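What follows is a short report on a single structure.
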Amino acid sequence: ILQHWDVFKHVTEVFILVPALLGLKGNLEMTLASRLSTAANIGQMDTPKELWKMITGNMALIQVQATVVGFLASIAAVVFGWIPDGHFSMDHAVLLCASSVATAFIASLVLGMIMIGVIIGSRKMGINPDNVATPIAASLGDLITLALLSGISWGLYKELESKAYVNPLVCAFFLSLLPIWIIIARRNSATREVLYSGWEPVIVAMAISSVGGLILDRTVSDPNFAGMAVFTPVINGVGGNLVAVQASRISTYLHMSGEPGDSPGTAPRKCPSPCSTFFSSDVNSRSARVLFLLVVPGHLVFLYTIHSMQGGHTTLTLIFIVFYMTAALLQVLILLYIADWMVHWMWGRHLDPDNFSIPYLTALGDLIGTGLLALSFHVLWLIGDRDSDVGD
């Protein structure tokens with residue numbers, strides 16, 4: 001629906017922002033969920049004082065990260081949009097900056113509060129937060145972020161002609177709040193280290209997601225491939241969900257046996273074989289098999305929902321479903337294998353996987369998912385499955 005709004009038609013760089021900002025849920029909220037799940041599982045949130053300390057520090061931290069990454073994502077969108085076309089518009093650049101920073105800030109505030117509620121509730125009900133918090137962060141993150149981005153960018157686009165000063169004011173307001181969040185996060189020992197050292201995965205992940213956004217912008221802007229828009233958040237959301245659950249579980253499993261860098265019985269593997277990742281009797285291998293088996297039924301439910309709501313611009317023929325499922329299965333297979341290697345590798349390098357692995361994995365999920373989906377649509381087009389006008 002959103003691809004037909006004026007702001008998406010006239011400022012197509014907003015498409016580049018979509019995976020970068022939806023990817024923020026992997027960079028921030030899912031990392032927050034993983035961090036707090038581990039803290040809850042190892043007893044660091046049992047007293048009200050400890051709980052309040054973890055909440056204030058982590059909320060301030062994700063506001064800092066959201067504002068900075070939102071600003072950098074808008075710069076990446078401007079650059080990626082300008083290079084292929086050779087056309088630069090200052091009004092559009094400020095609009096992208098204001099939309100991106102405002103969306104990132106508000107979405108992180110809302111989702112962070114929901115995450116804290118889910119994790120506290122899970123602990124009280126005796127449920128492992130690792131299994132619940134990261135998928136809720138991912139799915140709600142996509143919905144809330146996309147709704148906020150479209151609403152804010154549409155509102156700011158309408159103000160461009162009559163009140164041009166609104167866009168820079170919005171941008172300046174959210175950036176001016178940064179020092180407050182930095183001071184709060186620095187005062188908390190639980191988040192001080194992440195405030196200083198946790199930028200590399202967040203920024204690299206945003207850059208990877210922006211490349212996925214460039215693919216989306218180039219593909220969706222072509223009328224022949226307009227049908228891709230409805231499937232991109234689905235394939236990326238499912239892949240990111242499943243790999244985040246696996247990474248969070250492996251990380252908690254390692255934390256229960258010691259500190260990052262320790263290897264009592266859980267020696268970090270240099271590069272695991274696919275057999276040990278998917279077919280061993282290890283508890284993490286079993287969860288990888290279960291998560292992989294969820295791909296087909298999960299996507300069939302989504303495809304049926306899209307079809308019954310007459311969403312998108314693609315008829316769900318058998319050949320389309322085969323290509324789509326192949327792309328989805330391949331994406332999750334690659335991600336689960338990379339997660340098994342990456343979490344153990346980071347643990348061996350004295351890095352906390354809760355803070356470092358999920359941003360990379362969800363960003364790679366966005367890039368691989370968007371790339372494989374674009375490839376599927378191109379192959380389907382070449383072999384004659386051309387029905388881009390369905391639903392118009």
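Keep in mind that glycine also has a Cβ here, set from the backbone N, Cα and C atoms.
These numbers come from a predicted model, not from an experiment.
These come from TrEMBL:
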type	residues	note
DOMAIN	18-152	domain 'SLC41A/MgtE integral membrane'
TRANSMEM	59-81	transmembrane segment
TRANSMEM	93-120	transmembrane segment
TRANSMEM	132-152	transmembrane segment
TRANSMEM	164-184	transmembrane segment
TRANSMEM	196-216	transmembrane segment
DOMAIN	232-375	domain 'SLC41A/MgtE integral membrane'
TRANSMEM	288-306	transmembrane segment
TRANSMEM	318-338	transmembrane segment
TRANSMEM	358-383	transmembrane segment
Between the transmembrane segment (288-306) and the transmembrane segment (358-383), do 3 or more CB pairs sit under 8 angstroms, pairs being 6 or more residues apart?
no
So, by DSSP, how many helix, strand and coil residues make up the domain 'SLC41A/MgtE integral membrane' (232-375)?
108 helix, 0 strand, 36 coil
Six or more residues beyond either end and a Cβ under 8 Å away: which residues meet both conditions relative to the transmembrane segment (132-152)?
2, 5, 7-8, 14, 17-18, 21-22, 24-26, 29-30, 32-34, 36-37, 98-100, 102-103, 106-107, 110-111, 114-115, 118-119, 122, 233, 237, 240-241, 244-245, 248, 358, 362
For the transmembrane segment (196-216), sequence-distant contacts whose Cβ falls under 8 Å of one of its Cβ atoms, 6 or more beyond its ends:
15-20, 22-24, 26-28, 61, 65, 68-69, 72-73, 76-77, 80, 228-229, 232, 236, 355-357, 359-360, 362-364, 366-367, 369-371, 374
Can you tell me which parts of the same chain pack against the transmembrane segment (318-338), counting only residues 6+ beyond its ends and a CB-CB cutoff under 8 A?
231, 235, 238-239, 242-243, 246, 272, 274, 277-278, 288, 291-292, 295-296, 299, 303, 361, 364-365, 368-369, 372-373, 375-376, 379-380, 383, 385
Folded-back contacts onto the transmembrane segment (59-81), same chain, C-beta under 8 angstroms, at least six residues removed:
12-14, 16-17, 20-21, 24, 27-29, 32, 88, 92-93, 96-97, 99-105, 107-109, 112-113, 116, 174-175, 177-178, 181-182, 184-185, 188, 191, 194-195, 198-199, 202-203, 206-207, 210, 213-214, 217
